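What TrEMBL annotates here:
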- Y52: active site, proton donor (ACT_SITE)
- H114: substrate binding site (BINDING)
- 19-265: domain 'NADP-dependent oxidoreductase' (DOMAIN)
- K81: site 'Lowers pKa of active site Tyr' (SITE)
Amino acid sequence: MTAPTDTITLNDGHTIPQLGLGVWELTPEEAYSSTRAAIAAGIRHIDTAAGYGNEAEVGRAVADAVADGEVTRDDLFITTKLWNADQGYDDALEALGVSLDNLGLDHVDLWLIHWPVEKWDRYVDTWKAFVTAREEGRARSIGVSNFYPEVLDEIVRATGVTPAVNQIEIHPGLSQQEQRADNQARGIATESWSPLGRGVLGHPVIEKIAAEHGVTPAQVVIRWHLDQGLIVFPRSRRPERVAENADVAGFSLTPDQVEAITAIDDDPDYSGRIGADPRDAVFGTPLA
Ligand code: NAD
């Protein structure tokens with residue numbers, strides 16, 4: 001098997017590789033080695049954030065992979081996110097400059113507002129800065145993370161610009177049907193964060209389906225995301241797992257298997273959020 005090359009076309013006409021690598025909680029050194037392992041395994045999409053403290057090493061891994069002739073910059077899709085403390089029109093635009101310097105890039109392919117932090121009431125001005133950054137070409141596509149209908153309504157009303165993506169917590173046990181339907185109705189692509197969940201890889205339904213396909217539980221869960229049209233970027237510090245998570249092109253799930261995994265939402269031993277509820281999160285986020 002190999003890494004899938006499927007892409008999703010965003011509402012601004014740009015395309016995004018459906019499968020990527022996430023680098024949350026990786027040390028700078030691990031972010032470097034995982035990014036190199038992912039590119040070597042055929043992954044072309046990396047999801048980082050200012051708040052992860054590893055943009056510089058992701059950038060160095062990209063530069064080294066390009067210098068070694070493995071890929072060109074244009075083959076790659078790089079996402080970063082604005083940290084909460086930098087919300088506001090001027091602060092956001094300045095923070096994008098810092099992220100680009102860290103990454104060693106002149107543009108990111110996707111820039112996201114990491115959390116709305118509704119209580120601070122700065123997300124509308126922040127979104128205006130994102131629109132400016134897209135006009136400047138410093139962010140090809142712009143989107144949000146952890147947004148819900150009320151805050152989506154406000155940023156679209158203020159600017160007339162709909163985010164290209166909304167990155168939200170999704171895994172077996174938290175399939176988020178309502179927010180996904182809301183995103184879809186607005187023309188927003190959905191990205192899944194913490195896609196492998198916590199502990200759910202040992203769920204008997206997932207283990208059974210893995211055995212039926214002769215693949216690993218992680219590969220089954222990654223396919224569950226891909227087969228539903230979600231954009232997904234599992235994280236691992238271990239190069240062999242990065243390669244395993246990329247190696248999902250050779251099989252797909254039946255509709256019944258997708259449904260059986262989604263039904264884990266109703267299993268109290270495995271269901272629920274891992275991270276903060278975006279309506280409450282201020283700094284009480286997984287990164288606090
Ligand atoms: P994940 O769901 O990708 O992985 C969870 C755990 O699974 C990790 O501990 C990992 O070591 C383990 N794992 C990975 N591959 C495995 C395999 N093949 N077999 C067994 N175990 C395996 O975790 P995540 O990092 O929380 O989420 C993925 C990415 O989503 C992040 O790295 C980040 O880029 C993004 N994210 C965004 C937000 C947000 O607020 N926007 C929040 C959390 C994560």
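Heads up, the Cβ atoms here are built off N, Cα and C, so glycines get one too.
What you are looking at is a predicted structure, and each value in this text was computed from that prediction instead of being measured.
Cα-Cα distance from K81 (site 'Lowers pKa of active site Tyr') to the residue listed as 'substrate binding site': 5 Å (rounded to the nearest whole number).
The CA atom of the residue listed as 'active site, proton donor' is located 11 Å away from the CA atom of the residue listed as 'substrate binding site'. Under 8 Å, Cβ to Cβ, and six or more positions away along its own chain, the residue listed as 'substrate binding site' finds A49, A50, G51, K81, L82, W83, N84, S145, N146.
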